[in-house]
Amino acid sequence: MHCSSIYVLAVTVAIVQAHMELSYPAPFRSRFNSKALAGTVDYSMTSPLKTDGSDFPCKGYHKDMQDKTGAGAPVATWSAGSEYSFTVVGGATHNGGSCQAALSYDNGASFKVIHSYIGECPIMTTGNFKFAVPADAKSGNAIFAWSWVNQVGNREYYMNCASVAITGSSSSKSPPKVPFSARPNLFAANIGNGCSTVEGKDTVYPDPGPDVTNKSAGSTASDTVHGNCGDVKSGDVLQETMPILSSRSDNSKDTYTLGTTVSNPPTSTSTSGAASDSSSPYSAMRASVNGECGGYQTCSGSEYGGCCSRYGYCGSSTEHCGEGCMGTFGMCGINGTVSRFRIRRPHFQLA
């Protein structure tokens, strides 16, 4: 009984101290996946891939695809040429970052990008992201992958994968401008592959592909990635409107519903706005009211504590203020000694 209690507590803590994870389509071995085999559920799906890349891709769970009627059976059916959305949930968004959606038809040996999201992905604790299945995506079972490079915090790479069925592919349809085979391969970094990303900036993918949602202004691929990360395309990425659907559990914040289009936040050019920015870099943020830090909330001035832990929670313990502490959203230091207090203007503002 005692051991069972400890196990339940450990699982609860793992879920509470969550980063972000894909919930729809339900990934292999996810708690959201009813097809996951007993005893195989991974309650740390929010954890990043290993820094040595040994569990790339899909945390190694792409192998479940071989069980076509069991753990690898499709959890969603999509029609080529149609629009859908995937859902990401969790507790620590790390000020967003950049994500990609991709498909693999060779059991995870390679992935082709079907949509890139640059900036504010994800910025809410629950977010639905629109994408279109390429019209020339072939019919059959495929692996859908969601990857995420967080903006703030340790340099990490997150990836969840799910089995999906693609239907409706037809040679009679008008061919897309960029055929599926010519789409870029999935971007990967911070996993010992010679490519790394810059902390504090939204990763601008060297080759994002033809379908892009850009919510990050002023950066280029050469500013945000280092090492052998692929060819940097001329002009990088054009600014676009974000076809994203997002919602948050905090009722005091904005809620976006199906069909809402959120445009790029305007940059204030007024004299008063400039004065406000120069005097208070945290003017667009507020002290955490629920113990979480990241996005709009900082631990500075919060009753929960002044340090923002690597898991995105405020506190004053060694775990909060020590290794992995995120100085962007509060103070960092052990035994009351502040060793780092870095303030960065958020790339968004409250309305």
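Placed from the backbone N, Cα and C atoms, the Cβ positions cover glycine too.
Under the heading compositional bias 'Polar residues', TrEMBL lists 213-225 (among others).
Look at TrEMBL and you will find 246-259 (among others) tagged as compositional bias 'Polar residues'.
The compositional bias 'Low complexity' annotation in TrEMBL covers 260-281.
For Cys308 (disulfide bond), the same-chain residues 6+ apart in sequence whose C-beta sits under 8 angstroms from its C-beta are Cys293, Gly294, Thr298, Cys299, Cys314, His320, Cys325, Met326, Gly327, Thr328, Phe329, Gly330, Cys332. Cys308 (disulfide bond) falls within a strand segment according to DSSP. The disulfide bond feature in TrEMBL is assigned to Cys293-Cys308 (among others).
What TrEMBL records for Cys307-Cys321 (among others) is disulfide bond. Classification of Cys321 (disulfide bond) by DSSP places it within a helix.
What TrEMBL records for 199-232 (among others) is region 'Disordered'.
The region 'Disordered' annotation in TrEMBL covers 246-281 (among others).
Sequence annotations record features per position, and here TrEMBL assigns signal peptide to 1-18.
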Return the residues near Cys307 (disulfide bond), defined as same-chain residues 6+ apart in sequence whose C-beta is under 8 angstroms from its C-beta, sorted by sequence, else 'none'.
Cys299, Cys314, Gly315, Ser316, His320, Cys321, Cys325, Gly330, Met331, Cys332, Gly333
What are the DSSP helix/strand/coil residue counts across the region 'Disordered' (199-232)?
4 helix, 6 strand, 24 coil
When the number of other CB atoms within 10 A of each residue's CB is tallied over all shown chains, which of the disulfide-bonded residues Cys293, Cys321 has the maximum?
Cys293
